[in-house]
Every structure is written in C-alpha cells, then in structure tokens.
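Okay, structure first, notes after.
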Amino acid sequence: MRREAPQKLTDYAPLAFPAGMLIVFFVVPFATMIAVSFFRRDPAGFYSPDFVFDNYARFLSLFFGKVLGFSLFLAVAVAICCVVIALPFTYLLSRTKRRTQVLWLVALLSVLSLSEVIIGFAWSTLFSRTAGITNLLVMLGIMSEPIALNPSFGAVLTAMVYQALPYTVLVLYPALVRLDPTLTEAARTLGASPLKAFFTVVVPALRNTVVATLIMVFIFALGSYLLPQILGRPQHWTLSVLITDQAIYQSNMPFAAAMAVFLVLVTLGLVALTVYAGRKGEAA
Amino acid sequence: MGDILKTTVSRRAVLGAGVAGASLLAMPAILRAQDKSLKVGVYGGYFKDSFDKNIFEDFTKATGIAVESVAEPTGEAWLVQLEQAAKAGQAPADVSMMSQVAMLKGQSTELWAPLDMGNIPNGSNLIDHFVNKYPDGRIAGIGAVAWYITLVTNTDVYKEAPTSWAALWDPANADKLGLLALVSNSFLLEVTAKTHFGGTNALDTEEGLLKAFEKLAEVKPNVRLWYRDEAQFEQSLKSGEIPMGQYYHDVTGLAAKDGQPVRSTFPKEGGIMDSGCWALSRASQKTEEAHAFINYMCQPAIQATLSRKVGTAPTVKRDLLDLTAEEFAAVSSDIEPIIPRYDLYTSKADWLNQKWTEMIAG
C-alpha cells in the first residue's frame with residue numbers, strides 16, 4: 001500500500017480529534033501556567049494578574065541552580081541505571097520461551113500497579129535499621145549489627161530505578177523481539193563470543209531505541225517528588241519537591257509556575273540536544 | 001431511602017418511623033430548625049466526623065439551628081475559595097474553622113465579618129490569646145480548638161523522658177530526630193528563640209531571625225528525617241527507627257494508650273500551641289445564627305466534650321472546666337505554651353521560606 005500525501009483539506013480531518021485533545025489537555029493548561037508565572041505574588045494574600053519577572057529572577061540563584069542540577073543528575077542516573085539493567089534483561093527475555101516471557105511481563109506489569117507511595121514506604125521499611133534487609137545479613141553472619149540504609153542517595157536511586165524499570169523493559173521489549181536473530185548468529189559464526197556479539201551487534205542495532213528509552217525514563221524520573229522526600233535527605237530533594245512546597249504549602253502559585261516552566265524548558269532543551277547529537281552521530 | 005422503606009416494610013421500618021415520630025414530639029427544636037440553619041466549615045475527615053457526631057446534633061437540639069457541615073480542605077485552599085466566593089457575594093460556609101495564618105491573610109482583605117462580643121457572652125470564658133483581632137481592635141475570630149506539638153520519644157530507646165527542647169541540640173542525639181519539614185508548620189524558630197534567646201520576641205527583627213536560623217542549623221546533624229507526611233514519622237517513632245522528634249501531643253497519647261512504646265513530653269520551655277479559629281465570612285447572611293453558634297462553642301462544657309471526644313486542647317480557662325487532671329493532661333498542660341509568631345508567616349512568608357529551605361537543603 002502506497003501512502004499518499006493529503007490532497008484536500010478534509011484529508012486532514014482525522015487529525016482534528018488528537019489536535020483537540022492536545023489543545024484541551026496540554027496547550028491550555030501549559031499556557032495558563034506560563035501566564036501565572038508572570039503574575040505578581042502577594043505574600044499576605046494570593047496573586048494578582050500582572051506581567052513581572054520577579055518569579056524568574058528569584059529562581060536564578062545558586063541555590064536553585066544546585067537543586068536543578070541535582071534533579072537533572074538524578075534523572076540521568078536513573079535513566080542510565082534502568083537501561084543498563086533492562087537492556088541485557090530484555091534481550092535474554094526475548095530469547096526465552098513464549099510462556100516464560102508472558103510470566104515475566106505479567107510480573108513486571110504488576111509492579112506498575114503499585115503507587116509511588118507504596119513503593120516509597122516499602123523501600124523505607126526494607127532499608128530501615130529495625131526491620132530492614134541488613135537484619136538478614138546479620139543473621140547470615142555477614143554484618144555485625146543492623147544499620148539504616150536510608151535516608152541516602154542510594155535509597156532514592158534504588159527506589160526510582162525500581163519504579164521506572166518496568167516501563168524501560170516494556171519500551172525495549174518490542175524492538176528486541178523484532179530484532180533479527182540471524183544478526184547475532186552471523187556474529188557467532190564469525191567467531192564472536194556471546195558477550196561480544198551483544199555489544200558489537202545488538203546494542204548498535206538498537207541505538208535509536210536505546211536513546212528513545214533513555215529520554216523516556218529521564219523525563220519520567222524528573223517528575224518524581226515523593227520518593228526523594230521519603231527516602232532522601234533534604235539535599236536529595238528534587239526541584240519537583242520544592243515546586244510542590246511552593247504551590248501547596250506557601251500558596252505561591254506564580255513562583256511554583258515559574259519553576260515548573262523553567263524545568264520544562266530545560267528538559268525540552270536537553271531532549272532536543274540528545275536527538276540532535278544522535279542525528280549528527282548517525283550522519284557521520 | 002424511600003425505596004428501601006417501600007420494598008421492605010419490615011419491623012425495622014416500623015420501629016424507625018416510631019422513633020422518628022417520638023423524637024419529633026419530644027424535641028420541638030427540630031421542627032423549628034427547618035427555618036434556621038447555618039453552614040459550618042470544619043477540616044474534612046476525622047474532625048468533621050467527630051464534630052458531626054459529638055457537637056452539631058446537640059447544638060441543633062439546644063438552639064433550634066440546623067447545622068450543615070462542610071468539609072474544608074486543609075492548607076490555604078479553603079481560604080482561596082472563601083475569598084473568591086465572597087467577591088461574588090457567596091458564602092460556601094457561613095462560619096469556618098481557620099488556621100491562624102489563614103485568619104491573618106483573610107484580615108488583609110477584610111474577609112471576616114467583625115463579631116459582636118455582646119452577642120457572645122460566653123466569650124469571657126476564653127483564654128485571652130484565643131480572641132483574634134483586627135489591628136484596629138474589631139474581633140475577627142474566636143478560638144475554636146487548640147492542639148499541641150510536643151517533644152516525643154520512643155520509650156524503649158529513651159528510658160528517661162527529656163525535659164527540655166535543648167535535647168534537640170544534644171550531640172548525643174546525632175541522626176535520631178524527626179522534625180517537620182516546613183518553617184510554617186514546624187514552628188522551630190519559635191522553639192529556638194524560647195530555648196536559647198529568652199522568648200519569641202527575639203524574632204522581632206531580621207537580625208534576631210538570622211541568629212535563630214544560625215542556632216537552628218546546629219540541629220541539622222541530629223535530624224534523620226524532615227517530614228511532611230505524619231504517618232511517615234509516626235511509624236518510625238513507634239518502631240524506634242527515629243526515636244525522638246516533634247509530634248502532635250494528642251496522637252502520641254492515643255498511640256501510647258494502644259500500648260506503643262512512645263511518650264509525649266511538655267518540655268520546660270512549653271509545648272508549641274497551634275489553634276484554629278471560628279470566623280464568619282463577610283458574605284454570610286446568617287450573622288445572628290453564627291453568633292449563637294460561636295457562643296455555644298465557648299461553653300466550658302462543650303470545650304470539655306471536645307477534649308474528651310476529639311482530643312483537642314480547650315480554649316477556655318482551666319478553672320472553668322470539669323476535666324479531671326488526667327483528662328486535662330491528655331490534651332494540654334499548665335506549662336506556659338510557646339505561641340507561634342503567626343504574624344511572621346504573613347509579613348515575611350517568602351523570606352522565611354527561602355532561608356529555611358536553604359538552611360535545611362543547603
């Protein structure tokens with residue numbers, strides 16, 4: 001079947017529904033947020049419509065720069081950890097029997113049914129001194145006494161990777177299942193070890209998928225605000241935590257909106273940069 | 001309801017109708033209640049349920065004013081709604097229970113209708129600081145309920161109860177504390193001022209505030225958890241994971257009664273006393289009913305009921321109450337409380353928030 005470019009105006013009609021949805025559920029709320037970010041804050045009351053840059057000016061400080069930097073770093077770390085774990089896992093999974101695959105996928109999907117709150121509290125119990133996993137290590141004689149593993153950066157990272165891993169696998173799975181098995185077979189016939197075949201044939205063949213997955217997990221992790229609060233110290237709080245504080249506890253909507261707009265812009269910028277770099281690398 | 005009665009005209013239904021009929025005869029107040037009514041806003045959930053069960057019904061019986069209770073969201077969302085409705089001449093609730101910071105913010109826009117103490121004779125029972133006034137002396141609100149935040153400990157870890165807030169600074173308590181995460185709900189600046197600088201007046205100037213921040217920063221190495229979610233700290237306190245911190249006196253008492261190894265102590269500098277006010281929206285048409293309601297709530301007997309049934313600290317003077325020493329200790333203390341500097345959270349809200357966030361996260 002040959003695809004033809006739309007000729008008449010009515011050929012574009014099917015686009016109307018998604019476009020309408022996008023306008024109602026994305027463009028309008030986002031435009032409202034941008035508008036509010038320029039409103040004037042009244043500390044004794046709420047805010048009034050205006051056009052001021054105060055909210056952005058307050059954000060441009062070393063303190064918020066550091067928080068933004070940490071948030072981006074955390075999201076990148078989560079994305080890399082997820083892909084590093086999920087890629088070999090999904091590759092091996094795609095080579096197993098159909099029944100095994102279905103079982104694993106159902107198990108992973110069930111993790112998605114857990115809310116962020118449950119994941120946070122479960123990990124905080126697992127990492128606790130009184131009831132956590134270090135008690136098991138003490139029983140096995142590996143450690144002398146139980147210790148608390150949270151709050152710490154490791155605890156935040158672990159829980160966030162746990163939360164994002166099912167998505168990562170689900171995004172990688174279709175691409176890996178469709179991957180032509182003769183590619184690796186050819187590599188093996190030519191004398192490459194399974195490990196070498198994986199890294200020199202499978203990974204490069206999936207380059208675009210991997211980049212897309214990294215971006216997806218990165219954006220997913222950037223929005224997290226509960227896990228850093230439950231499992232981290234204040235220096236591990238992300239920008240999303242501070243946005244929540246401003247919006248809900250300080251009723252400073254203009255500042256919260258300004259921070260959110262800033263976060264979205266930085267994110268879009270980084271994603272654009274990644275895609276651009278990917279294109280360039282492909283051309284070379 | 002009608003369907004249920006129609007389909008099962010059972011013994012239960014007949015009995016129910018009988019009871020309803022009898023109570024109509026016995027309580028003419030309910031008949032009159034139809035033409036007099038009042039919408040009262042209280043925090044949704046536990047508070048609203050307790051008030052519906054223990055207070056509003058009796059109030060209707062006593063005065064003939066029917067109460068429609070409205071569940072308020074916590075935080076300042078309710079203030080925003082009241083404010084916007086008042087601009088349109090509407091009152092989603094006539095009388096609302098408001099936090100002290102919300103009272104001050106509402107004052108700045110004249111949201112609260114001034115109350116006439118002449119129509120609230122029981123107002124003289126109140127402890128003075130529970131009368132919320134406009135700067136020019138008009139009455140903006142009347143203390144509804146109060147509660148304490150105290151120094152709490154796990155009894156397995158701390159055999160001896162601490163006696164002073166100074167325990168927060170003790171290097172022996174490294175990595176053992178759970179404290180509230182926000183400047184405007186932890187009131188730790190006030191605690192610092194009272195413990196180390198002689199009183200909350202030390203916070204009058206920016207200089208004094210900075211000194212308090214500096215002193216408070218010294219507790220950071222002792223803090224394991226800065227919590228926003230109460231359940232998170234309560235669980236850790238019970239298990240001994242985080243054996244000391246600041247928490248609500250009433251809830252800790254209930255947990256101790258359940259056999260949990262926790263205790264709440266009023267430090268010698270006093271517990272932190274936070275409270276809610278009854279305030280009347282300027283858009284309300286029910287001024288007379290509202291005064292009757294507030295007057296009713298200021299009775300010592302009602303305050304005692306609240307203490308027993310809801311667990312709040314009374315807003316009327318101790319000697320007017322018939323609470324036993326034990327009942328009083330369960331909700332309050334004779335030690336002079338630390339009263340938060342609510343004025344700072346409106347006049348310097350953003351500055352304080354910024355300094356605070358930089359202090360704990362920096």
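Every residue gets a Cβ built from N, Cα and C, even glycine.
TrEMBL has this to say about the protein:
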DOMAIN    A:68-274  domain 'ABC transmembrane type-1'
TRANSMEM  A:12-39  transmembrane segment
TRANSMEM  A:59-90  transmembrane segment
TRANSMEM  A:102-123  transmembrane segment
TRANSMEM  A:153-176  transmembrane segment
TRANSMEM  A:197-227  transmembrane segment
TRANSMEM  A:255-278  transmembrane segment
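Of the two recorded stretches, the transmembrane segment (A:12-39) does not lie close to the transmembrane segment (A:102-123), with fewer than three CB pairs under 8 Å once pairs fewer than 6 apart in sequence are set aside. The list of residues near the transmembrane segment (A:153-176) in space but at least 6 beyond its ends in sequence, with Cβ under 8 angstroms from a Cβ of it, reads 74, 77-79, 81-83, 85-87, 89-91, 93-94, 105, 108-109, 111-112, 116, 119-120, 123-124, 127, 206, 209-210, 212-213, 216-217, 220-221, 224, 227-228, 230-232, 236. For the transmembrane segment (A:197-227), the most Cβ-contacting stretch among A:59-90, A:102-123, A:255-278 is A:59-90 (pairs under 8 Å).
Listed by sequence, the residues of this chain that lie at least six past the ends of the transmembrane segment (A:59-90) yet keep a Cβ under 8 A from its Cβ atoms are 156-157, 160-161, 164-165, 168-169, 172-173, 176, 198, 203, 206, 210, 213-215, 217-219, 221-222, 228, 235-240, 242, 255, 258-259, 262-263, 266, 270. Counting same-chain residues at least six beyond the ends of the transmembrane segment (A:255-278), those with a Cβ under 8 angstroms from any Cβ of the stretch are 30, 33-34, 36-37, 39, 41, 55-56, 58-59, 64, 68, 71-72, 207-208, 211, 214-215, 218-219, 222, 239-240, 242-244, 246-247.
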